[in-house]
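Worksheet: one structure, shown below.
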Amino acid sequence: MFRRVLRTGLGQSLLIRGLGTRSGNSSLGWDGNVSEIKKKIRSLMPGEPHNFLYDTKHLPPEHSDVVIVGGGVVGLSVAYWLKKLEKRRDAIRVLVVERDQTYSRASTGLSVGGIRQQFSVPQNVQLSLFSIDFLRNINEHLAVVDAPPLDLQFNPSGYLLLASEEGAAILESNVKMQRQEGAKICLMSPEQLQKKFPWINTEGVALASYGLENEGWFDPWSLLQGLRRKVQSMGVFLCQGEVTRFVTSSNRMRTSSGEEVNLRRIYEVHVKMDNSLEYQPVECAIVINAAGAWSGQVAELAGIGKGPPGTLQGTKLPVEPRKRYVYMWHCPQGPGLETPLVTDTNGVYFRREGLGNNYVGGRSPTEEEEPDPADLEVDHDFFQNKVWPHLAQRVPAFEGLKVRSAWAGYYDYNTFDQNGVVGPHPLLVNMYFATGFSGHGLQHALGVGRAVAEMLLNGHFQTIDLSPFLFSRFYLEEKVLEQNII
Amino acid sequence: MLKIIIPSIMLIPMTWLSKNTMMWINPTIHSLMIALMSLSYLNKLDITNQNHSLKFASDPLTSPLLILTTWLLPLMIMASQHHLSKETEIRKKTYISLLILLQISLIMTFTATEMIMFYILFEATLIPTLIIITRWGNQTERMKAGLYFLFYTLAGSLPLLIALIYLQNSLGSMNFLLFPYNKHMLNSTWSNSLLWIACAMAFMIKLPMYGLHLWLPKAHVEAPIAGSMVLAAILLKLGGYGMMRISQLLEPMTNYMAYPFILLSLWGMIMTSSICLRQTDLKSLIAYSSVSHMALVIVAILIQTPWSFMGATALMIAHGLTSSLLFCLANSNYERTHSRTMLLARGLQMTLPLMSTWWILSSLTNLALPPTINLVGELFIILSTFSWSNFTIILTGLNMLITALYTLFMLITTQRGKPPYHISNITPTFTRENSLMALHIIPLLLLTLNPKIILGNLY
């Protein structure tokens with residue numbers, strides 16, 4: 001009875017470990033016991049972490065106002081803007097849960113790192129403009145006392161999108177829209193193209209659009225580290241763990257038209273530690289799904305999509321991981337330092353990497369040749385058969401290239417319309433999405449973070465209106481198709 | 001007296017032997033009946049003192065506090081119903097029994113005739129409160145909160161025990177009824193100064209005075225709703241009541257020994273009010289507002305004029321009801337959004353209009369709107385401190401201004417503005433919650449009509 005009280009007392013579901021073996025003896029020796037007692041006495045001092053029963057330093061706190069699932073660049077950006085836009089200091093408690101602290105499979109670290117404004121949806125252009133403005137002033141935004149300034153290694157070389165006869169009209173209208181939004185893009189005919197970039201073979205190219213300013217590529221890893229550092233200094237709690245369960249409460253309510261609807265809200269998130277069964281229930285008011293390629297799984301855990309298909313309850317979050325290969329090669333006769341990120345008419349792209357005649361590039365596979373996203377193994381035959389021939393055709397110097405290395409990463413691919421999902425879910429009222437960017441999450445992360453923070457704190461989008469990206473479009477079947485997917 | 005004590009003691013077997021379906025209803029209704037009984041029998045203002053027995057007596061200072069105690073128990077039980085709903089039956093019964101035990105100790109504390117008995121029961125109230133805070137509080141910080149609560153109070157009370165025993169030895173009896181006839185003057189020696197401090201410290205910590213108030217925000221914020229209610233409404237007043245009683249023995253040293261405490265309280269009330277303006281956690285804001293109101297009570301008790309004693313008593317009762325009501329309102333927010341941050345529960349006027357009525361009424365009483373008894377208390381205290389020293393009007397006036405500011409800030413942040421998206425599915429107000437708020441506000445408003453019953457001994 002006493003043991004039962006000990007096991008279940010003092011805390012709702014805190015597991016008790018280390019209180020002694022079944023026979024009642026402690027397994028530590030004399031020195032171990034003495035150091036345990038010293039630790040307990042030290043924990044009574046004000047300012048020390050107060051673990052009275054056992055060590056809880058690795059666990060997330062028992063309560064947090066906002067829990068952000070996913071610690072990549074999107075999740076950290078949401079955390080940063082939440083702390084930046086809160087009106088009083090420490091007004092809101094934010095917890096970022098990241099499953100893999102080495103970021104070995106996260107899309108952020110494996111990204112090619114490009115940023116461009118050449119999109120077909122105006123909101124995407126606005127997001128990229130916002131992000132580049134942030135990145136240019138990054139050391140004002142992400143400054144931490146006593147820490148060295150960030151060097152993003154931004155190469156402002158621009159993007160060059162090539163279009164054939166069929167795509168030329170769409171390209172022109174897109175460029176007109178981008179110019180209206182404030183991006184500086186110029187259209188080039190094949191002759192101008194040949195004159196500016198002599199290494200290009202303009203066969204099959206009818207029109208090209210070239211970004212003159214605010215486009216290029218940067219180092220995503222340093223952005224991630226900079227955000228981590230800044231966000232920790234602002235008081236956000238970063239913890240390692242995997243979200244395994246959402247505990248929800250539901251409420252039957254009636255809409256204004258009279259139909260009954262079941263609104264749910266998450267009030268507890270179970271965060272499981274690595275390599276153990278231990279989990280911590282975190283009581284929360286709001287959950288943000290920024291889990292990248294695995295957002296679909298997290299949404300299913302929360303019960304989104306459990307219902308008859310065709311209804312709002314049955315609408316799943318259509319984000320799934322898609323594997324993309326990136327190859328790095330060396331070509332001494334290749335294009336020079338001014339090379340932009342060139343996207344060919346058939347989807348092959350490449351950019352310069354560093355100053356030693358290295359290039360990275362790849363291609364999005366078609367629907368039939370989609371690789372299996374179970375692991376991150378690279379298929380080199382894909383390069384041989386599908387990428388190299390087109391590269392060699394567009395840039396004759398690339399006939400003699402030598403592949404140095406390759407890696408694979410995930411796109412958090414939105415199978416519905418390849419654009420991001422931002423904002424709250426209509427039925428699960430306190431889950432906000434910031435995912436599904438299908439390959440341009442990195443460049444939109446900062447703008448999306450601000451949008452989600454504004455939605456949460458103010459109730460509506462303020463700086464950039466991302467209402468076309470709400471979840472309800474999946475149910476209402478309103479596609480916001482992005483045509484310029486690389 | 002018997003008709004209050006015996007039913008209160010019998011509430012415990014009634015809770016344990018109730019059927020599970022009647023487990024909440026039985027204690028609530030019966031404790032409400034006990035409260036009504038205490039109303040009718042303990043308020044005879046033409047008599048200066050009512051002796052219930054050899055050991056228990058009540059006078060116009062005691063009876064309002066006693067009625068507040070008995071009134072609060074059904075309210076506490078009503079408020080705890082939701083957050084305990086997921087516990088096992090035995091745990092629920094234990095919780096209710098702890099509340100009842102606390103109630104019994106408090107009834108005996110307030111009616112005790114002997115100072116030593118008062119002290120023993122004063123300490124005895126710590127134990128159920130500690131158990132409630134550390135076992136049923138919401139977060140890990142509750143262990144630290146319990147520790148602070150226990151040790152702050154104990155550190156003040158142990159010197160008090162020694163002082164009381166010394167006084168018992170030198171005076172022969174510590175009966176309250178004999179205090180006014182005490183001719184024994186405390187002359188100004190060092191040991192008498194220490195005696196004065198030993199007597200006063202425990203009550204200063206309990207009230208709490210500004211420099212010793214650290215336990216209060218922790219304990220209030222981490223305690224479950226019933227714990228917060230009883231702490232704010234009654235346990236703080238134990239300090240005021242004890243100080244009023246013991247100051248009859250500490251003449252004439254109080255005239256100069258009280259200066260540091262008066263200064264600290266005058267400054268502290270402005271400090272804690274200003275802290276309220278920057279709080280983001282709703283419960284923390286209400287806790288600091290308690291410190292600010294109690295600082296006024298400390299100043300009043302220490303300057304020892306008839307008007308200030310009347311004001312102190314009135315403010316204690318008024319603040320008890322108002323603070324307890326504010327904690328209930330904050331708890332109703334917390335149960336819906338699972339967060340105490342004010343930012344996340346905005347615009348409630350649109351979604352829960354009746355609850356916003358209670359919010360508005362409680363905010364108006366908190367900022368001492370005329371003609372509520374909060375104003376009566378504060379006015380008496382401000383008037384008496386002004387006559388004691390003209391300068392204090394600046395400080396007390398500033399405090400009233402800042403109190404109004406933070407109360408309105410709390411009201412407007414939680415009620416007005418655009419509701420955030422995730423407020424759309426909060427459950428509507430339960431009848432239980434509405435009746436809880438009503439049962440708080442109705443005595444508060446009715447007392448406006450007849451405030452002389454809470455003006456205490458010196459009316």
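Cβ coordinates come from backbone N, Cα and C, glycine included.
Note that the coordinates shown come from a computational prediction; the quantities given were computed from them, not determined experimentally.
Pulled from TrEMBL:
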- B:1-109: domain 'NADH:ubiquinone oxidoreductase chain 4 N-terminal' (DOMAIN)
- B:21-41: transmembrane segment (TRANSMEM)
- B:93-110: transmembrane segment (TRANSMEM)
- B:112-399: domain 'NADH:quinone oxidoreductase/Mrp antiporter transmembrane' (DOMAIN)
- B:116-133: transmembrane segment (TRANSMEM)
- B:145-167: transmembrane segment (TRANSMEM)
- B:194-216: transmembrane segment (TRANSMEM)
- B:223-244: transmembrane segment (TRANSMEM)
- B:256-277: transmembrane segment (TRANSMEM)
- B:284-303: transmembrane segment (TRANSMEM)
- B:309-331: transmembrane segment (TRANSMEM)
- B:343-361: transmembrane segment (TRANSMEM)
- B:393-415: transmembrane segment (TRANSMEM)
- B:435-455: transmembrane segment (TRANSMEM)
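Mean pLDDT across the domain 'NADH:ubiquinone oxidoreductase chain 4 N-terminal' (B:1-109) comes to 90 in this model.
Secondary structure of the domain 'NADH:ubiquinone oxidoreductase chain 4 N-terminal' (B:1-109) per DSSP (helix as H, G, I; strand as E, B; remaining residues coil): 76 helix, 5 strand, 28 coil. Put simply, of B:93-110, B:116-133, B:145-167, B:223-244, B:284-303, the stretch with the most CB pairs closer than 8 A to the transmembrane segment (B:309-331) is B:223-244.
Using a cut-off of 8 Å between Cβ atoms, the transmembrane segment (B:223-244) and the transmembrane segment (B:93-110) share at least three residue pairs, counting only pairs 6 or more apart in sequence.
Same-chain residues lying 6+ beyond the ends of the transmembrane segment (B:194-216) with a Cβ under 8 Å from its Cβ atoms: 122, 145, 148-149, 152-153, 155-157, 159-160, 162-164, 166-167, 186, 231, 235-236, 238-240, 242-243, 246, 249-250, 253-254, 257, 261, 264-265, 267-269, 271-272, 287, 290-291, 294-295, 297-298.
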